[in-house]
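Asks: One structure follows; several queries about it will come next.
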Amino acid sequence: MDIVFLVLLRPIGRIEISSKLPKNDQIDKSDPTCMSTGFHMRSNIMPCVNKLLGLLFGSAKCLWFNSPLVQLKEEFALSTIWHEAIVSATILTAWLFALVAGPCSDRFGRKAVILMASLVFAVGAILMGAAPEKITLLIGRLIVGIGIGLASMSVPMYLSEVAPADFRGRLVVVNNAFITGGQFIASLLCGALSTTNNGWRWMMGLAGVPAAIQLAGFLYLPESPRWLVANGKINEARAVLEKVRNPSDNKEEELSSIVEAVANSEEQSGIGEVIRSVTVRRALIIGCLLQLFQQISGINTVMYYSASIITMAGVTDKSLAIWLSAVTSSINFFCTFIGMWLVDKVGRRILTIGSLLGSTAALFALALSFHLAYLNSPVLSDDQDPGTCAAHTCGICTSKSACGFCFAGDMKNITEASCVLANHSSYNEMSKDGLCSNQTLIEEGEVTFAYDWCPYQYGWFSILGLGLYLFAFAPGMGPMPWTINSEIYPGWARATCTSIATSVNWASNLLVSLTFLTLTEVLLKHGAFYLYMGLAGLGTLVFYLILPETKGVPLENIEEVFSHPLGSKASRSEWKPKTRSF
């Protein structure tokens, strides 16, 4: 909460909104108070708001997508289709409104869009927490998606435009670190609420708290100086730079660069100009590919369904599954700090490629664990009649959404086993017939009904694979698509291109979320993760060939980085400022 108090208790006179900023002739550049204000604004306020934005996204992301689903499946008797729809609803509207966010941020400002996102976020969270049935829950998730679509596009762009070049990479990575931190905190909260009556309502409703705090805190922050210049508010942009830069920074030179960049691109805007510009088109291709491979390499499969994957690995206690998913979130959180330390040391290119390479290896381990579990799953003790649940092993049985594995005895000593139709009206806690249709036998522990898991001896291997995957993914492919996308477009194309790239992220996110459970039925669990492994490997090769280094490049010089054809050796060389001859 100290983050919030630093934002809210800051003297308002020092952080006035743009309409009250001093004019150029009112700024005394020799005034130490003015210089001190700049120092405080940069060192305290910007990192604080950056963390708050990340905490909002991260806590809400976990609270809506992951742990509550374990309880929701029972509360509303969700089928596989409804399970996927509840997850995907938010992603669908996030995708659509990420496209809208670009034009809105150009017209109304980055700050206004972020404020609107916070308000919509809070309303959607309240509706989800109060939902009496699954249709209302679905509507709430659609509303929340509007907020997250607006925020996911506008926040990285705002941070990149306000931060200086030497601070930009770390600031965007810090934002991602606190996204994962929010997920970790929310996972702990979900674990604490997992045994509480209507705990899922608290899990979802609490997502509105950071949104409301952000709405209040962001009122006192300045607008992007680049947006102010583009809208003819030069004096206000100058005042903002005085507040968000160190005393030793040359603010007038930076302002002149921004004014020049805006003046040179006054006639350029919109998707048509983006496509016609060779350098911007190359940047957009790379930006979209980064967002695409972030999703299709399986990260949100791991995060959204981590509790379900842990259950698949043989953890039957729902509360324990939620606590174990909190452990995976903690790995994601702490490993993001590795990326924060490396981003301005080794650069974006090495961090991205290394992360994808490690993710490929970890996905192989995860796929192999499920494959071994499938090959060694318990054999059914009785002959099955041909039909929906015809199977001879638990692995085949639980790959069918209509069926479940019923067994007597404990996991290490199964005395009787069969594959039977699941009773969806009790959310698959028991079967429609056979021994596992007897609630008394289940409660007394005489029999166990396993709907989407098997008593695998390799279950621990699956959980280890999840941890290794997050260890590889979090420092690089977690923050780098957002970091790189926030800095590779010229000012005139930044909103349009960031909006397009963000929409690619949400569209591919939607594709993965809609298809994961279906893939586990068609390709089986190990087949789905082998597929993600292959896609991550493909991404490693693609970015080795085409990804340039953007570390330390001023936003006004970014087009120089993409002046060479993609895939050429020159395009992968580190940018160096041109020397001026006198």
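Please read every residue number as a count from 1 along the shown chain.
Cβ coordinates are placed from backbone N, Cα and C, and glycine is handled just like the others.
The domain 'Major facilitator superfamily (MFS) profile' annotation in TrEMBL covers 1-551. Per TrEMBL, transmembrane segment is recorded for 81-100, 112-132, 138-159, 171-194, 200-221, 283-305, 320-343, 350-374, 458-480, 492-517, 529-547.
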Asks: With an 8 Å cut-off on Cβ pairs and a sequence gap of 6 or more, do the transmembrane segment (320-343) and the transmembrane segment (81-100) reach 3 or more such pairs?
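Replies: Between the transmembrane segment (320-343) and the transmembrane segment (81-100), contact is absent.
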Asks: With a Cβ cut-off under 8 Å, give me the same-chain residues at least six positions beyond the ends of the transmembrane segment (112-132) that come close to it.
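Replies: Residues 53, 56, 60, 64, 101, 104-105, 139-148, 150-151, 154-155, 158, 201-202, 204-208, 211-212, 214-215, 218-219.
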Asks: If I count Cβ-Cβ pairs under 8 A between the transmembrane segment (81-100) and each of 350-374, 458-480, 492-517, 529-547, which range comes out on top?
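Replies: If we count Cβ pairs closer than 8 Å to the transmembrane segment (81-100), 492-517 scores highest.
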Asks: The domain 'Major facilitator superfamily (MFS) profile' (1-551): mean pLDDT?
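Replies: A mean pLDDT of 79 is what the predicted model shows over the domain 'Major facilitator superfamily (MFS) profile' (1-551).
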